[in-house]
Amino acid sequence: MSSPAQTPETTRIHNIGYRNYDGPRLGRAYARRALFSQSLRGAYGLGRSAKSKVLPMILFAVMCVPALIIVAVAVVTKAPKLAIEYTQYAIYLQLVIAIYLAAQAPQSVSRDLRFRTVPLYFSRPIDRVDYVLAKYGAMASALFILTAAPLLILFIGSLLAKLDFATQSKLFGQGLVSVALLSLLFGGIGLVMAALTPRRGFGVAAVIAVMVISYGAVSTLQGIAYGTDNVDAIKWMGLFSPVTLIDGVQTAFLGAPTAFPGGAAAAPGAGAGAVYVLVVLALIAGSYGVLMRRYRKVGL
Amino acid sequence: MIATESLSKRFPRVTALDRLSLDIGPGVTGLVGANGAGKSTMIKILLGLSPATEGRAEVLGLDVATSGAQIRERVGYMPEHDCLPPDVSATEFVVHMARMSGLPATAARERTADTLRHVGLYEERYRPIGGYSTGMKQRVKLAQALVHDPQLVLLDEPTNGLDPVGRDEMLGLIRRVWTEFGISVLVTSHLLGELERTCDHVVVIDGGRLLRSSSTSDFTQITTTLAVEVTDSDTHPDGTATLRAALAAAGVTLHEGVEDGLPGAGHILLVEAAGEETYDLVRDTVADLGLGLVRMEQRRHHIAEVFRAEGSQEQQEVPTR
């Protein structure tokens, strides 16, 4: 294993043989962080092929462009306020978020199942709980980056337009809380859908179905309820789709204008809002629980 | 390295391991058994991923029931099945697995470059794994098991799906893992023949029970058999029978058994090789008779032979070393 003594004038390539590793082994928490950062980077195609960067980057741009336009308008026209509330932004662009989630959630978990990489992870120091936490954390963080970046643009723009700093900071803060909750909720639902099948195509379809169809159904029913003067029913119907859940929570507690038909009269107040918050938290915890169950059988 | 004590694993309908007691030391150890003999179950228990129904097991002196994470930090595992994502390069994948084993980023990259070179992957390591041949994929799988410089690697059927050349290369590589890298190896296979050339020690299990545990030289002595096939000639219309008689006259032991299901099975003589001189004797005898030698090869011993040899005996648990 040791190379023979070398004289300066002879240059040779030595096969230095096998070298042992004596450096640090950073263990389980480090491995969990490594999986988290790899998954988060992967959600934007970083560290993967050029092709897989295209869709997430385009969607990220699509999320940010309207914010840039709104900011530009506000700066040029010296408007007294932004054309859109921070809390409304993600609701308006929900389809973009749904497409992003449908593309990236299966990417994150279905690949590991399909190519059977999961058993390799469990042959490392990490446990099931580490895997689920890292994947869930990475998906939620990726969604948070997607939804918070345009809010940041709006906030910086509002300051450039010389709007009131204190007011804008408060609204921006409320917006961040709203998208953080949205990221956790959407991320959980997306991963559960995707983890049920190793087939990426099914995962994409399932996520799109849950996000878009549920919202379509709920808003249609709400429209019917509004048309038939059942204003009270509108706020309870909102419990049945992820987007309207977030809408209800932020209307009740984060000072957001509701997107429900019927406006303020139909929006959940503090009482119904508490139910909304409970349902959102239950869904987040439920997603985590389902993922834990899902991976119980996968080890090796 | 590995010690088990009346280790059992029972599933509702099957008993995968039945009071298995083993003591495996450093070196290359083969774990042989037919499909479903309990090899994979054993590996899962040794990695601390599946609790044993009864009994206990230690790996590197750590109890598998309580120290799974520490064991997995010091042990490498190469699964039997495909486990490689096709759209990343070998380098990226192995670096990631190194970090998953707890290596800092810089060390992970250095160890990856070293390990891929040692398993024989060079320029192709920057290309996506999807384009690799089966042999290259097996090397990547081996590399990810070695990248964190474990003290022990568990290789589950590493020669699966390889052609004869690839098989020999992989076996040579496994031998080097111990002789050059100093990493002990537990390798499973259902073929005894390929393990006896690679391993210092072979453990045979069947139906979750220990069938036999001994050093490989014992196996070789019992089972080295040559398969010889010759042509017929005008002077000797039945070349096989002529050679049989000639060899018997020269004092060579011939097996009566006929290999079933092989083309030309009736024309193959099974000759017991006592040593190098048997090869020469067969060659000279065939030449003297003026026959054409179609083939003379070491027969790959099948696990079934051990069953045949041991079948009549009472199954006993022999501690290894």
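The backbone N, Cα and C atoms fix where each Cβ goes, and this holds for glycine too.
Annotated features in TrEMBL:
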- A:54-77: transmembrane segment (TRANSMEM)
- A:89-106: transmembrane segment (TRANSMEM)
- A:138-160: transmembrane segment (TRANSMEM)
- A:172-196: transmembrane segment (TRANSMEM)
- A:202-221: transmembrane segment (TRANSMEM)
- A:233-253: transmembrane segment (TRANSMEM)
- A:273-291: transmembrane segment (TRANSMEM)
Looking only at residues six or more beyond either end of the transmembrane segment (A:202-221), which have a C-beta under 8 A from one in the stretch?
-> 94-95, 98-99, 101-103, 105-106, 109-110, 186, 189-190, 193-194, 196, 237-238, 240-244, 261
Highest Cβ pair tally under 8 Å against the transmembrane segment (A:54-77), stretches A:89-106, A:138-160, A:172-196, A:233-253, A:273-291, lands on A:138-160
Take the transmembrane segment (A:233-253) and find every residue of the same chain, 6 or more past its ends, with a Cβ under 8 Å from one of its Cβ atoms.
-> 87, 90-91, 94, 174, 178, 181-182, 185-186, 189, 210-211, 214-215, 217-219, 221-222, 225-226, 259-262, 266-270, 272-277, 279-280, 283
For the transmembrane segment (A:273-291), distant same-chain residues with Cβ under 8 A (at least six beyond the ends) | 132, 135-136, 181, 184-185, 187-189, 191-192, 195, 238-239, 242, 245-246, 248-249, 251-253
